[in-house]
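Annotated features, as they stand in TrEMBL:
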- 79-109: repeat 'PPR' (REPEAT)
- 110-144: repeat 'PPR' (REPEAT)
- 211-245: repeat 'PPR' (REPEAT)
- 312-346: repeat 'PPR' (REPEAT)
- 347-381: repeat 'PPR' (REPEAT)
- 527-619: domain 'DYW' (DOMAIN)
């Protein structure tokens, strides 16, 4: 079959000259408009294939369907290469059903056909579909390539299919493909996502050749499994091995720095970002803003944000979240207004950060305003995180019954975070009745969290109900819940020094205790004698003072005071909430020593300066 068409395009053509004289001599000369372009079957197919590839690149589904219709009209759908292109087109456009229909109607399928269809399932998040098709391909005895195996492994990773992944690993070993860079990278990625990080690292170590993607995947695996130190160590090893640094590597390392609050390492990675030219990337900029905010350097965080040429919603949200974490609600709100002036629409994450800022500063009316604004102005439906923030806002401002009413009216089940916020508020305002309700819910949701038992016990102790304290502690001992020990750490000269209450193992612990005693004497002259009401043990006051005296954050602060230059702020990290006595201690210590003290607990940042804390006593 041949088709006739006129075109100005430079596709391959055959020219035929129409004349009444059967001779090779043409007189007069032929004009351009007298020529008829004849497109052969092969040329037409080539044109359609080129158009299909362009449609796939631009996700132009309507034009792609038109090309498909032309192919069917002229009976060219049996061509295997064209069908493969159509499968890819529909996959890129997210219409997986059309991809599968083209695949099923193919008379002859090549290895590329199977690979493309398996890849289509993987790219569209249908891991089970990819796995089933791979099994069918093997059952039909079709040849397969490393691409098909790596695609199926990626599909298993997206669905956390651990058992199937191990079977595929065994198959890769049997087919001698485990040393292939694509297969190996996919294997370590799926093991990392299935929380089998040791298996992932074993695959990584056994690979004879590792690409930059392999290294970045292993670092990302460590970060996903909360092994941040290991991620940083691997990054250092990659640098020493002259591995090319890509954006995914940088992103993973910055996430590790943020989680560890490793300011020095974060600054070093920041220098690498500028050296490699990745600083212009919006996602890298967001990671840098997050690192500095989580390391307590909110000024540097805002400087990175301001320097970013292009700002997407993620970058704005990260900066608003940083201000919220550092008890800077006014800056967070101003940034929220500026964001809208730049014609960027707030999303769920934006409002979580705003409501969190309101909660940390006890801004109940502002919180209600933003909670109502979500749906009315930006059509954002409140989710469980927004309700959690509102419960926190009401609880922190003493509206505990209002918080409980909001929980009862929520369109979904309350989470452990919501009940935990209510329980913490009950402790501040000594509401035993609601505390018991919240605690019972938490015991059901988090049976292994000893912190809930301890918090209920403290509420009983604050109200002088010592029999209930004994019963709560007895219940804790009989349960399988484990209490997390309080720990504080400080980074000095590239080394992290960790402390626990009453620590004795640090090499300079004698000096630390001596310096702390001297400091406490200076503070007593200003009237600080320790707030023994924050120790909830049924013991004498003098013994309570002794118990509070050597809390981990006080030891970390004293060591920082001994080692850091007089102009440098002292940055302390904690795994638990800072206690009331230590909070008062830091305020007075900032006056006595003239130092800025930054404490990050598991809830927020506290900036102590000249006797005041940025939290405004809301934490």
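Note that the numbers count up from 1, one per residue, in the order the chain is shown.
Glycine residues also receive a Cβ, built from the backbone N, Cα and C atoms like all the rest.
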The repeat 'PPR' (211-245) - residue tally per DSSP class, helix then strand then coil: 26 helix, 0 strand, 9 coil
Residue distribution over DSSP helix, strand and coil in the repeat 'PPR' (110-144): 26 helix, 0 strand, 9 coil
Overall pLDDT of the repeat 'PPR' (312-346), taken as the mean: 93
Helix, strand and coil totals (DSSP H, G, I; E, B; other) for the repeat 'PPR' (347-381): 28 helix, 0 strand, 7 coil
